[in-house]
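A.B. asks: Marked as NADP(+) binding site by TrEMBL: D:ARG47. The FMN binding site annotation in TrEMBL covers D:HIS125, D:PHE126, D:SER127, D:GLY291, D:LYS306, D:PRO307, D:THR308, D:PRO309, D:SER310, D:ARG333.
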Number of protein chains: 4
Amino acid sequence: MGSTWGNNLKISIFGESHGEGIGAVLDGLPPGVPIDLTRIQQELNRRSAKGNPLATPRKEEDQIEILSGVFNGKTTGAPLTGLIRNENTRSGDYSKTKDLMRPGHADFSGNIRFQGFQDYRGGGHFSARLTAPLVFAGAVAKEVLRVIKPALIISSRIVSIGGISDVSLPQWQDYDDLSNNFKNPAFPLYTPDLEISMKDEIIAAMNDHDSVGGIIEGFVIGLDPGIGNPFFESIESRLASILFSIPGVKGITFGAGFGLTNKRGSQVNDPMIINNGRVETLTNNNGGINGGISNGMPVVFQVAMKPTPSIGKQQQTINLAAMENASLEIVGRHDPCIVVRAFPVVEAATALCLVDFLI
Amino acid sequence: MGSTWGNNLKISIFGESHGEGIGAVLDGLPPGVPIDLTRIQQELNRRSAKGNPLATPRKEEDQIEILSGVFNGKTTGAPLTGLIRNENTRSGDYSKTKDLMRPGHADFSGNIRFQGFQDYRGGGHFSARLTAPLVFAGAVAKEVLRVIKPALIISSRIVSIGGISDVSLPQWQDYDDLSNNFKNPAFPLYTPDLEISMKDEIIAAMNDHDSVGGIIEGFVIGLDPGIGNPFFESIESRLASILFSIPGVKGITFGAGFGLTNKRGSQVNDPMIINNGRVETLTNNNGGINGGISNGMPVVFQVAMKPTPSIGKQQQTINLAAMENASLEIVGRHDPCIVVRAFPVVEAATALCLVDFLI
Amino acid sequence: MGSTWGNNLKISIFGESHGEGIGAVLDGLPPGVPIDLTRIQQELNRRSAKGNPLATPRKEEDQIEILSGVFNGKTTGAPLTGLIRNENTRSGDYSKTKDLMRPGHADFSGNIRFQGFQDYRGGGHFSARLTAPLVFAGAVAKEVLRVIKPALIISSRIVSIGGISDVSLPQWQDYDDLSNNFKNPAFPLYTPDLEISMKDEIIAAMNDHDSVGGIIEGFVIGLDPGIGNPFFESIESRLASILFSIPGVKGITFGAGFGLTNKRGSQVNDPMIINNGRVETLTNNNGGINGGISNGMPVVFQVAMKPTPSIGKQQQTINLAAMENASLEIVGRHDPCIVVRAFPVVEAATALCLVDFLI
Amino acid sequence: MGSTWGNNLKISIFGESHGEGIGAVLDGLPPGVPIDLTRIQQELNRRSAKGNPLATPRKEEDQIEILSGVFNGKTTGAPLTGLIRNENTRSGDYSKTKDLMRPGHADFSGNIRFQGFQDYRGGGHFSARLTAPLVFAGAVAKEVLRVIKPALIISSRIVSIGGISDVSLPQWQDYDDLSNNFKNPAFPLYTPDLEISMKDEIIAAMNDHDSVGGIIEGFVIGLDPGIGNPFFESIESRLASILFSIPGVKGITFGAGFGLTNKRGSQVNDPMIINNGRVETLTNNNGGINGGISNGMPVVFQVAMKPTPSIGKQQQTINLAAMENASLEIVGRHDPCIVVRAFPVVEAATALCLVDFLI
């Protein structure tokens, strides 16, 4: 329970960090959608640590195998299943720390929830490695959107790392800028070109055997007005329900988010105009959503990611088996900043959510 | 679609602001739970504008009638239905502005979504008035929790209004303080005793024919560890999916939220200890949740509420029927600050989410 | 749990036989569908005992009140709620037999399931009276089908009573006959014109303080091919899941049903032909469904209804409170043959199922 | 859409007859359940054609590989995934008949539903081969039941083949006989020991290049009273929804089924007694279910299976590409009587349904 999502498109993710493999089943895809495996693998590579000097030394190929649902290069409409075999596992790293609960991790809460039977190696099913099936599923969703909404743009960007913001970024209110930046390719594959100060922050954390958090902004440009629902099936509700499933996410805001709370209505009610026969708003404080439903402006949201809890520094914790206090230095291979790998996951979750609304 | 929520407890809310009535059906309640109608009415009164000088002049009695599911004062286990008849409606207020889309409202997005057939009077089904059935449903959920988890505390507080914070409040990290404050009654009915500067901010907005936003903090004290799931059915995912359904909510964070993004892992990984044979954390930056599952510490979250979009000030908007630009001065009866009425809704949503997890 | 159904259209029924009222909420209706209350009331009247000499002496008006979801005579797209107040209740009839479990009824199983807290008066939520909200919901679904599939025919007929078949009926294989019979009105309101021998069977049962069962056939003519899904969301799976919720239904077959089990494939594989540029089958042993998906032929199914368990004859049973054997003579007002009132319920369930597939 | 089932246990089946592989994901299993792979493989072997002279010459090993969800021989509580690679495929058999719609098959309806993109080889996702993942999932469910309800018996038997009944079988009313037959092993693996006349019927069909149907009876002994729900989540509704997903099933009855329709209430209302302090019924015409809820008696149901539509005999059909009439002789390898392989599928579906109710 908990690894299945969706109303019209049912997504089921499975696997553990150090088990046989990880994967996803997508049930409810429209038939006849061309599946470009190169593009899908490219999305997985964006998430992968391979070739990323700011990421964990555990480098996985994350090679996807399609087990079902594709015939003659197109979706059949039957469940589409992708499998990634785990390869570069060093389970020995984890057995020693089996009873030492890593602070900030799901070790303790997961142990209680699953009565000690969970696969503790590398976080098991809780591992951020499970975002690979999410990215795979999202990449398939992007293939669907390419067909049913070719003008739609889903993208993301890293807004800040460890409190250091990218000053060169246009502000989210300037959706014209955003639109201009993303006019051409249907799904521009954003590659973070972090400012030197942001990179330095990550490297400093790495050298300190520590980690840093950051903020990712997701956006959808070109979504027709009228998508979504009031209340429980609002865009915000649905998008939050899938975004909060990404390990490390602790906050989600839409539009101006918490900035709205210290403003007057007259300052942030987005004034409306007719522009070339199209209804638009002059500002986008509501992030493209009113009453849970898209208003035609860019859907913009920010995702707060905490620092990776796995750090090399000595930490105060407990030995759950012995029920005694303990100290812990994690010696496995970990990411100093999950933010640099999580932005494709944010996009994937967004793509899945949109397909679920649109099919 | 969109007005039904829940896995184990199915909640269905219905009604429009100026229709016959509003209400909720709860399917899946455990049988034998005593239903104290006085307590339920009290919850509705907390949300009501009646007797609240900071709220809209539209004063509704919000008298609940139980139509089904209660027999001899206890739940039967069959669907429990509550109905509130609408009384104090002045539909004439709205007909004039039918084609003028209120900025920041669901008027335009809802019109597109429902092809112009939505009940436009007072926002129809999009109205914040629909939070009354949510509060009713949440009050029933609290009755359930009283029986199945008598030590559980669900409460809330207003953290800031228009950017002015309540300086007297203990910080959320100090969950001991929170616990001490809420030791006695199972469900302390928080009554906002706003600082004079916060009240002044609301009154100033009211006098300006304007509105202000604010932040509400919700918390759950005494939740056992091990509740929740990884990924899509995490506490964060489920709670966000129901909290984002409250009109005006544009952001949700857990624990230290966005504050985590500019910190190091070593600063915010909550150190663990054994305290009197119980596993605890020294800080609560994760808001009581790791890997989507409760860790036994207080579940703490903050909800960003935007200023009520209905304001008296002149605003730039469009006439959708004529497809031309227009200006609008809303003359109906509205709340200058929905925050002072929304905190019981936050609690209600939390109670519903917990019952859904716990039954 | 158990009183909510649907993927795209969520139906929630509520109420007890002797409570305040019974009703239904439909969430997910398309907006703009004209709602003809006369037609909806007419469907309720078909199910009603009023004016039916073969039905229970408890005559309810079953007057429907629409509480939400209709504005200016059309659906808004928000939840549509209908309420029927209970009127003609004689709860005194039931209190005496509270602990005497009626054989064939849900008294015992329901008592265990709901731990004795269920409303025992008149069967409470288990009462066949709850089929009134189903008929109401189905009548709304028929209004939707009128708009989105105007050529579609949903109807039913009583095939047998107490083992006595209506010999005048065309056989289900002769779908041409069926089609011809139902060519004109979109939803012909079948009125059973039972053969004298069938009526006599009911009257005989009534005079014996007994009851009889029977078979209802439902059919859908004009359903496009390609509706439905393989496996769990097949037409058979979905239709069965809603039809088996009708009290008293103990069997459902599609097409030739059990008749297929003693045949060869060569006898019952429906041969296919091109007829006027349309794909048809020469026979319809599969009842219009292959692999869970409509093939364009009439969808035909039969529903086995057991005799109403409430009978006046003395029966052997138990007193659950005393845990001792007992005998029981039920003296309330009951139907001698629920079949004559259940056919509109079968149609309603079918209409709901189709709307769920088609919207 | 359509290959995912379950409320508390989510089952997702995937694969095509001639694709890479077939499998199932089970999400929501309780943790700590020992998984005996030998027993699971044994269930798959019962369904397999291997060693069964009455089955198709296509003999698959159906070797299951567990990809996730099992650690140290026990369920972890995370999704459990099983994969069966397809081996003995001869896709060439099918390409020739791609446009010739097999009568009685999903070829035509599936083609319309999936717009011609479905994998047509061997029926693709519609193939009865997909019952292997169902049996796998059911075998895992049986492992769960072994732990949580060790006294429960789920079994099945072949009641008739081509209209020839097994006269030696005890009647379903005699649940004492049933109980005695199945007292000892928790899950007796029924092996059909068909009477000679039944075998002869299958062989005759095979020799005629034809096929025959039959009836399978499923039963559950030892189910506590009080399991299930009224209406849409009744045992009948849930069990039917999963049983009707088995290819070839066209009818399902509970208890005396259609036999109830020609009886009086006084004949079939099961009289109740106290027997050794336990509530029982003297007969079991209701098949252990009243009002959708178990009453403690054996749950008994019958499943009508049509003759396998794939037959060698010449049949009248259409060429869908050419839209012209055609004749067809199917030359692939097929089962003359799917009944002899379907009984473990009936048990598997039953086990899954019960686990979904009981966890």
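Glycine is treated like the rest: Cβ placed from N, Cα and C.
I'd like these features described in context: how deep, what's nearby, how far apart.
C.D. replies: DSSP assigns D:ARG47 (NADP(+) binding site) to a helix in the three-state reduction. D:ARG47 (NADP(+) binding site) counts 28 other C-beta atoms within 10 Å of its own C-beta, drawing on all protein chains shown.
In the structure as shown, the Cβ atom of D:SER310 (FMN binding site) sits within 10 Å of 23 other Cβ atoms.
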A.B. asks: Run through the Cβ atoms and count how many others sit within 10 Å of the one on D:SER127 (FMN binding site).
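C.D. replies: D:SER127 (FMN binding site): 22 neighbouring Cβ atoms within 10 Å.
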A.B. asks: Among D:HIS125, D:PHE126, D:SER127, D:GLY291, D:LYS306, D:PRO307, D:THR308, D:PRO309, D:SER310, D:ARG333, listed as contacts of FMN, what is the widest Cα spread in Å, to the nearest whole number?
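C.D. replies: In whole numbers, the farthest two Cα atoms are 44 Å apart.
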A.B. asks: Sequence gap of 6 or more, C-beta under 8 Å: which same-chain residues meet both conditions with respect to D:LYS306 (FMN binding site)?
C.D. replies: D:GLY104, D:GLY213, D:GLY248, D:VAL249, D:LYS250
A.B. asks: What does DSSP assign D:HIS125 (FMN binding site), in three states?
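C.D. replies: Going by the DSSP assignment, D:HIS125 (FMN binding site) falls within a helical segment, counted as helix.
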A.B. asks: How far is it from D:THR308 (FMN binding site) to D:ARG47 (NADP(+) binding site), counting Cα to Cα, in Å?
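C.D. replies: Given the Cα positions, D:THR308 (FMN binding site) is 15 Å from D:ARG47 (NADP(+) binding site).
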A.B. asks: When C-beta separations to chain A are restricted to under 8 angstroms, which of the binding-site residues D:ARG47, D:HIS125, D:LYS306, D:THR308, D:SER310 qualify?
C.D. replies: D:HIS125
A.B. asks: Going by DSSP, is D:THR308 (FMN binding site) sitting in a helix, a strand, or coil?
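C.D. replies: SS state of D:THR308 (FMN binding site) = coil.
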A.B. asks: Measuring Cα to Cα, how many angstrom lie between D:SER127 (FMN binding site) and D:ARG47 (NADP(+) binding site)?
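C.D. replies: Pair distance, Cα basis, whole Å: 14 Å.
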A.B. asks: List the same-chain residues at least 6 positions away in sequence whose Cβ sits under 8 Å from the Cβ of D:HIS125 (FMN binding site), in sequence order, or say none.
C.D. replies: D:SER3, D:GLY15, D:GLU16, D:SER17, D:GLN118, D:ASP119
A.B. asks: Would you kindly give the Cα-Cα distance separating D:ARG47 (NADP(+) binding site) and D:SER310 (FMN binding site), rounded to the nearest Å?
C.D. replies: 18
A.B. asks: Taking the Cβ of D:THR308 (FMN binding site) as the centre, how many other Cβ atoms fall within a 10 Å radius?
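C.D. replies: Excluding its own Cβ, the number within 10 Å is 26.
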